[in-house]
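As given in Swiss-Prot:
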COMPBIAS  337-346  compositional bias 'Polar residues'
COMPBIAS  370-383  compositional bias 'Basic and acidic residues'
DISULFID  22-149  disulfide bond
DISULFID  25-152  disulfide bond
DISULFID  135-159  disulfide bond
DISULFID  139-165  disulfide bond
DISULFID  182-233  disulfide bond
DOMAIN    167-251  domain 'Ig-like C2-type'
CARBOHYD  204  N-linked glycosylation site
MOD_RES   339  phosphoserine
MOD_RES   346  phosphoserine
MOD_RES   366  phosphoserine
MOD_RES   372  phosphothreonine
REGION    148-160  region 'Important for interaction with IZUMO1R'
SIGNAL    1-21  signal peptide
TRANSMEM  307-327  transmembrane segment
């Protein structure tokens with residue numbers, strides 16, 4: 001069983017590459033196939049069916065070579081993003097089979113169905129790569145890092161097309177800003193680009209460098225008649241030769257005319273001489289209504305009025321809260337005074353009650369002394 005499936009893996013490795021099925025270039029796919037051989041197949045497929053299954057799988061794998069090789073479908077190369085998408089789809093379906101724990105004939109059917117499906121998915125991804133990603137430049141030279149499926153190697157590919165990207169007609173009014181744009185849609189995807197250089201081209205074919213840098217724009221403020229003429233932009237690369245060359249023919253137009261209109265509060269002589277006409281509404285369709293003077297409310301005035309109302313309401317609430325606080329304070333103060341008076345009255349009453357027995361005793365003592373004195377005086381008189 002191990003030998004048969006090893007041969008099957010060899011067939012996969014040998015047949016997928018000539019058929020330019022690039023998923024075999026992904027190390028994760030190779031690891032998944034190895035895991036399938038060592039862990040899944042020994043317990044899910046009977047040994048007597050290995051030879052027949054292997055032949056059928058080899059035939060199915062050879063069918064990957066049916067991909068048409070032409071400029072519009074497949075050239076035997078892909079980019080890294082397309083390879084990742086194809087590998088992810090293959091690994092997802094293979095994991096689905098192993099997670100389902102299918103065995104025997106059902107496993108074989110699932111495996112064949114997965115191989116056919118992955119062939120169609122890979123063909124779709126490659127066709128999209130050929131149409132949208134592979135050499136999208138219409139002019140100039142573009143550099144791309146691509147993967148050659150027959151070798152599983154990354155190499156730099158140069159999409160060489162006409163270096164002349166045409167001439168652009170630029171019209172700008174005097175005293176306005178002139179902007180020359182040298183950026184193309186494929187520049188961000190190209191590799192090995194350096195600086196944008198803008199030149200002024202004179203009549204004797206000589207050139208003057210105006211700017212050089214990473215910015216793809218040349219801006220000239222307040223242009224005049226002397227700025228009219230021919231310009232050239234060149235995008236340099238790390239290799240020999242530019243990636244893009246664009247020419248510009250600049251025409252400086254006269255300044256824009258500004259129509260002067262009288263202010264609305266000044267009445268012209270024509271308006272004074274013209275009698276006021278009263279527009280009478282008619283039954284004709286879409287009559288012109290008589291202009292009615294309306295008071296236009298500016299947003300600033302509305303905002304100021306709203307803020308003023310909010311301030312007034314806030315001030316009223318503040319005054320009301322202050323008045324309520326003062327009344328509450330006075331009320332609590334009166335209550336405290338009343339409680340103090342009551343406390344003092346009760347203390348005075350208690351003191352008077354305490355002093356009353358002492359006063360009674362003193363009164364009795366004074367009366368006794370009075371009687372004693374009076375008796376002594378009577379005795380002295382008798383003597």
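We number each residue from 1, going along the chain as drawn.
Cβ atoms here come from the backbone N, Cα and C positions, even for glycine.
Features per Swiss-Prot, on structure.
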residue: 25; record: disulfide bond; DSSP class: helix
residue: 135; record: disulfide bond; DSSP class: coil
residue: 152; record: disulfide bond; DSSP class: coil
residue: 159; record: disulfide bond; DSSP class: strand
residue: 165; record: disulfide bond; DSSP class: strand
residue: 182; record: disulfide bond; DSSP class: coil
residue: 204; record: N-linked glycosylation site; DSSP class: coil
residue: 233; record: disulfide bond; DSSP class: strand
residue: 339; record: phosphoserine; DSSP class: helix
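The distance from the Cα of residue 25 (disulfide bond) to the Cα of residue 149 (disulfide bond) comes to 7 Å. With respect to their backbone Cα atoms, residue 204 (N-linked glycosylation site) and residue 233 (disulfide bond) stand 18 Å from each other.
Sequence-distant contacts of the transmembrane segment (307-327) (same chain, at least 6 residues past either end, Cβ-Cβ under 8 Å): none.
Neighbour count (other Cβ atoms within 10 Å of the Cβ, all protein chains): 23 for residue 182 (disulfide bond).
Summarised as a single figure, the pLDDT of the domain 'Ig-like C2-type' (167-251) averages 94. With respect to residue 159 (disulfide bond), the closest of these recorded positions in Cα terms is 139, chosen from 139, 152, 165, 182, 339. The least crowded of the disulfide-bonded residues 149, 152, 165, 233, judged by other CB atoms within 10 A of its own CB, is 152. Ranking the disulfide-bonded residues 135, 139, 165, 182, 233 by Cα distance from residue 152 (disulfide bond) puts 135 first. If you draw a 10 Å sphere around the CB of residue 139 (disulfide bond), it holds 17 other CB atoms from the protein chains shown. Of all the recorded positions listed here (22, 135, 149, 165, 339), 165 has the Cα closest to the Cα of residue 233 (disulfide bond). Cβ neighbour counts within 10 Å, taken over all protein chains shown, single out 22 as the most crowded of the disulfide-bonded residues 22, 25, 135, 159.
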